[in-house]
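J.: So Swiss-Prot has the following annotated:
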type: SIGNAL; residues: 1-21; note: signal peptide
type: DISULFID; residues: CYS51-CYS57; note: disulfide bond
type: DISULFID; residues: CYS52-CYS65; note: disulfide bond
Amino acid sequence: MGMRMMFTVFLLVVLATTVVSFTSGRRTFHGRNAAAKASGLVSLTDRRPECCSHPACNVDHPEICR
């Protein structure tokens, strides 16, 4: 095996290890649940018309107040 091929195999192993550890860690720390909560908060903000009159909300979500 050449040096370039060995480097490519090394990168693939590192990438595979990173992907496996990242996805297994998400389940342990309830990453999906946190994403669902964040999505719920964003949709809750979409339903509130008073967000446009609140400066902090208006800055965080300018797409709502167009």
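Every residue gets a Cβ built from N, Cα and C, even glycine.
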J.: Sequence gap of 6 or more, C-beta under 8 Å: which same-chain residues meet both conditions with respect to CYS65 (disulfide bond)?
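T.: Listed in sequence order: CYS51, CYS52, ASN58.
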J.: Using DSSP, would you call CYS52 (disulfide bond) helix, strand or coil?
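T.: The residue in question, CYS52 (disulfide bond), is coil (DSSP, three-state).
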J.: In the three-state scheme derived from DSSP, which category covers CYS65 (disulfide bond)?
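T.: The residue in question, CYS65 (disulfide bond), is coil (DSSP, three-state).
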J.: State the count of C-beta atoms found within 10 angstroms of the C-beta of CYS52 (disulfide bond), not counting that atom itself.
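T.: I get 14 for this one.
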